[in-house]
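Below you'll find the structure, written out as structure tokens, and then a few comments.
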Amino acid sequence: MTFTLATWNINSVRLREALVCRLMRDEAPDVLCLQECKSPVEKIPMEQFRALGYEHVVARGQKGYNGVAIFSKMPIEEVRAGDYAGLGHARHIAGRLANGVTVHNFYVPAGGDVPDRAVNEKFGQKLDFLTHMRDDFAANRPARAILVGDLNIAPREDDVWNHKALLKIVSHTPIEVEHLAQVMAAGDWVDVTRQDIPEGRLYSWWSYRSPDWDTADKGRRLDHVWATPDIAPAARGSRILRAVRGWEQPSDHAPVFATFDL
DNA sequence: ATGGTTGCGAGGCAA
């Protein structure tokens, strides 16, 4: 059985309802994971998505900030919603699909501007969130699982437009990359996007602050698709839909896709 | 070193 999954930081699911519908209609992933819904769950426009075949959803939300949701064409049951680092934020939801695959959808804290936890509390919270993720997966080793989301870290040199220029910029600092590597090791996760596309620069986010994002191309790969080793070999066809970043009134993130032949 | 833009929600905060 084949299924396709996508992850997209939507930056307000209510403002961009039409864009979500367009992606659902044009690309029709079996599972669509959103982050930064910025909406209470009861105000997500479920009916419009349901009409496009996404009849099943698990979600966590809060007013104005954060929020994660998994829309699925096949049945999904919630298995957990973690409160990593005890922030009380809606940044994680996990569901088990009818095909037996567990999907973790994460929105890791961005971490503020200064990469020093002594002067920037948000950076400490980001590191603590990642440490908590690591401990969680070490204590409960995932199987037949996929982890997606806006992890707010671009780990590789070719995941950013300029490695040296970004070494002290939050999202690409060595300490963040090390924390992310420990999360990966704890769950034995495989980076599916880079398994499929091992070479070359790859970005999923371009700042709103760049007037001509496409030409300047100062991007970062902040959005990820991982899988456990029992199903990672079944992954193929990963792609980042850069064109979506150029849609009318876009999110600053592009959706990331992967297909699994299970 | 700074400023650049966007969303939420009505002034600044978060990204």
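In case you wondered, yes, glycine gets a Cβ from its N, Cα and C as well.
According to TrEMBL, the protein has these features:
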DOMAIN    A:6-253  domain 'Endonuclease/exonuclease/phosphatase'
BINDING   A:Asn9, A:Glu36, A:Asp150, A:Asn152, A:Asp252, A:His253  Mg(2+) binding site
ACT_SITE  A:Tyr107  active site
ACT_SITE  A:Asp150  active site, proton donor/acceptor
SITE      A:Asn152  site 'Transition state stabilizer'
SITE      A:Asp223  site 'Important for catalytic activity'
ACT_SITE  A:His253  active site, proton acceptor
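The secondary structure of A:Asp223 (site 'Important for catalytic activity'), as reduced to three states from DSSP, is extended strand.
Most buried of the recorded positions A:Glu36, A:Asp150, A:Asp223, A:Asp252, judged by other Cβ atoms within 10 Å, is A:Asp150. Secondary structure at A:Asn152 (Mg(2+) binding site), as computed by DSSP, is coil. Non-local contacts of A:Asn9 (Mg(2+) binding site) by the CB criterion (under 8 A, 6+ apart in sequence, same chain) comprise A:Leu34, A:Gln35, A:Glu36, A:Tyr107, A:Asp150, A:Trp205, A:Leu222, A:Asp223, A:Ser251, A:Asp252, A:His253. Close to A:Asn152 (Mg(2+) binding site) in the fold, though at least 6 residues off in sequence, lie A:Val108, A:Pro109, A:Ala110, A:Gly111, A:Lys126, A:Ser171, A:Leu222, each with a CB less than 8 Å from its CB.
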